[in-house]
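Working notes, beginning with the structure itself.
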Amino acid sequence: MFTDQNLYHYSLLSLFFIAPPTFLALQFLTAPYGKHHRSGWGPTISPPLAWFLMESPTLWLTLLLFPFGQNHNNPLSFILISPYLFHYINRTIIYPIKLAGKSRIARREIKNPPPESGFPVSIAMMAFVFNLLNAYVQARWVSHYADFNSDEWFGLRFASGMVVFAAGMTLNVWADKVLVGLKSEGGGYKIPKGGLFEYVSCPNYLGEIVEWLGWALMTWSWAGLGFFLYTFANLVPRACANHEWYLQKFGEDYPRKRKAVIPFLC
C-alpha cells in the first residue's frame, strides 16, 4: 500500500540520490542561462518570469501542505518554516521584480540596446520539478514528521542555525543587489567589486550555500541535510564556471587572487 510516509521516504531518498549526478554533470555542462546563455536549448522566456515560475512551488506548495500536517497548530513549526519562506519570498517575488525593474532602466538608457537574452524554458522546467520535490520534502517534514514535543534541543539548534542562515541570506541578497545594479548600468558585463567580491567571484552562491547549511542545523533533519548537499552540488560547479568565464572575459584585468566560491580555498 502506497502511503504518504512512503511518498515522503522516496522523495527524501531522491533528494540525496540526485545530488552526486548533478555535481558530476555540471563538471562538463553549464546551464545555459545568464552569462552562459547559448542557443540550442529551445524556446526562452524573460528571466524575471522564469525565476518567478520555477521558484513558485516553494511558496504555494508549502502553504498548501502545511494545514494537513500534524504540527500545523504547533507554533514551533511556524517558527521553523519562517526562514525558509522568507528566503523564497525574496527569490520568487522580490528578486524577479528587482531584476525586471533594473533591466527596464538599463534598456531605456541605452540607444539601440541588444536583444535581452532569454531563459530557456527547459531549464526553468527542470528547476520547477526540483522545487516541487524539495518543497514537498521540507514542508512535509516541518509540518508533519518533525517531533517538536520531545526535542529538548530545538531552541539551541534553531538559534545557532538561524545565525548561520541570516549571515548567508544577508550575503546572498547583498551580492545579488550588486550584480543586478551592474546590469542596470548597461554596457555589458563588468567586474563586480567590494565586500566578499574581493575574495570570491560568486559570493551570492556562497551566501546561499551558507543559508542552507543554517537550515540543516535548524531542522537537524535528513531533509535539511539533503537540501544543503544538493545546493552545494548544484552551486559550486556553477560558481567555478562563472569564475572561469570572468577569467576568460576580462583576462589580466580580473583579480587573480579571487577564488570561485570559498575564500582562500575554492
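Cβ atoms here come from the backbone N, Cα and C positions, even for glycine.
These come from TrEMBL:
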TRANSMEM  7-29  transmembrane segment
TRANSMEM  49-69  transmembrane segment
TRANSMEM  76-97  transmembrane segment
TRANSMEM  117-137  transmembrane segment
DOMAIN    119-265  domain '3-oxo-5-alpha-steroid 4-dehydrogenase C-terminal'
TRANSMEM  158-175  transmembrane segment
TRANSMEM  212-233  transmembrane segment
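The largest share of C-beta pairs under 8 angstroms with the transmembrane segment (117-137) comes from 7-29, of the ranges 7-29, 76-97, 158-175, 212-233. Using DSSP to sort the residues of the domain '3-oxo-5-alpha-steroid 4-dehydrogenase C-terminal' (119-265) gives these counts of helix, strand and coil: 109 helix, 4 strand, 34 coil.
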